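*Asks:* Sharing a structure below in structure tokens format, with a few things to ask.
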Amino acid sequence: MNPLILTIILMTVFLGTMIVMASSHWLMIWIGFEMNLLAIIPILMKKYNPRAMEASTKYFLTQATASMLLMMAIIINLMHSGQWTITKVFNPTASIIMTLALAMKLGLTPFHFWVPEVTQGISLTSGLILLTWQKLAPMSILYQISPSINLNILLTMAVLSILVGGWGGLNQTQLRKIMAYSSIAHMGWMAAILVYNPTLTMLNMLIYIMMTLTMFMLFIHSSSTTTLSLSHTWNKAPLITTLILITLLSMGGLPPLSGFMPKWMIIQELTKNSSIILPTLMAIMALLNLYFYMRLTYSTSLTMFPSTNNMKMKWQFETKQITLLPPLIIASSLLLPLTPMLSILD
């Protein structure tokens, strides 16, 4: 793709998200979503092949449907309240439709089916944008309308997302699909705490983006797309493979690592709000996620898949320098000791 065209497209994606996050007018928010959607399609189809085209079409249809639902909710709200401002959604029907539309944009269960399919069909770089940047705009709107959201619907979708995110990843050998199911589970954790403590949702989003960014950058660095190619990376770059496995465990929420912090704080916050059954269920279902991460770690580090790979350890004559990677790896694995500083969230 021409660098100038790519720059314009990326700027439009950035501008669309910024318009959504900065607007207090529903029509401007809708326009921002549409700008973002139309600009992201060429990025998803950057490496043109039938899989990428199919993935882009699925993404477009899902997001366009969600945008139509959002516009319908905006019009219902306008008819009842007579105003376009985002301060409060006055009508319960509008609130429910709006929540469902934004859940579809985020990929919460039961609107999650597009996430693994689209992520698998596109390149690692496009997948990185899809699973990080594209979550910001819908989550910022949910954050702003959190007092008006129907709690039961949101919690049901959250619990189902954590369950599906863990269950779906169990059978996978494709790293992009594993990251997609992980994204669904993380979105579930964010949705569960949104009504009780929206600031904690934003903290969870920040840590999720850092971990996902680290994972995709390591995958791009090592050119890994399957568990088999990941196990072969031991011969080329043992340090990179070790860092991938540590970051994977952090995404699963293993206690000494950064990924445990948001789960711990969310369970603590839910317990403070006299909710016992919900955090217990969430903690049990999070074990599914942790299980497939640990299985991936085990199969990559302690066993080798049957292969005809007889080469010795490769010496790296050409090393790719990625300046951003070391601080991201540190942030993705060693943030847990900073948890006491977050008492400000209370």
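Sequential numbering from 1, following the chain as shown.
Including glycine, each Cβ sits where the backbone N, Cα and C put it.
In case it's useful when we look at the structure, here is the feature table from Swiss-Prot:
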TRANSMEM  3-23  transmembrane segment
TRANSMEM  25-45  transmembrane segment
TRANSMEM  59-79  transmembrane segment
TRANSMEM  96-116  transmembrane segment
TRANSMEM  122-142  transmembrane segment
TRANSMEM  149-169  transmembrane segment
TRANSMEM  178-198  transmembrane segment
TRANSMEM  200-220  transmembrane segment
TRANSMEM  237-257  transmembrane segment
TRANSMEM  274-294  transmembrane segment
TRANSMEM  322-342  transmembrane segment
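Locate each feature and note its surroundings.
*Replies:* Within its own chain, the transmembrane segment (149-169) is flanked in space by residues 92, 95-96, 99-100, 103, 108-110, 112, 116, 142, 177-178, 181-192, 194-195, 278, 281-282, 285-289, 291-292, which lie at least six positions past its ends and keep a Cβ under 8 Å from the stretch.
Cβ atoms under 8 Å from those of the transmembrane segment (178-198) belong to residues 103, 106-109, 112, 115-116, 118-120, 127, 131, 135, 139, 142-143, 146-147, 149, 151, 154-155, 157-166, 168-169, 172, 204-205, 208, 212, 215-216, 251, 262-263, 266, 269-270, 273, 278, 282, 286, 289, 292, 296, 345 of the same chain, restricted to positions at least 6 beyond its ends.
Within its own chain, the transmembrane segment (200-220) has Cβ neighbours under 8 Å at 124-125, 127-128, 131-132, 135-136, 139, 142-143, 175, 179, 182-183, 186, 189-191, 193-194, 240, 243-244, 247-248, 250-251, 258-259, 261-262, 265-266, 269, 322, 324-325, 328-329, 331-332, 335, 342, 345, counting only residues six or more beyond its boundaries.
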*Asks:* Which sequence-distant residues neighbour the transmembrane segment (96-116)? Criterion: at least 6 residues beyond either end, Cβ under 8 Å.
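*Replies:* That would be 33, 58-59, 62-63, 65-67, 69-70, 72-74, 76-77, 89, 135, 137-139, 141-142, 145, 149-150, 153-154, 157-158, 160-161, 163-164, 168, 177, 180-181, 183-184, 187-188, 191.
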*Asks:* Counting only pairs 6 or more apart in sequence, are there at least 3 Cβ pairs under 8 Å between the transmembrane segment (122-142) and the transmembrane segment (322-342)?
*Replies:* no
*Asks:* Which residues, given as numbers and ranges, are at least 6 beyond the ends of the transmembrane segment (25-45) yet have a Cβ under 8 Å from it?
*Replies:* 1, 9-10, 12-13, 15-19, 52-53, 55-56, 59-60, 63-64, 67, 70-71, 74, 77-78, 84-86, 105, 118, 122, 126, 129-130, 134, 137, 141
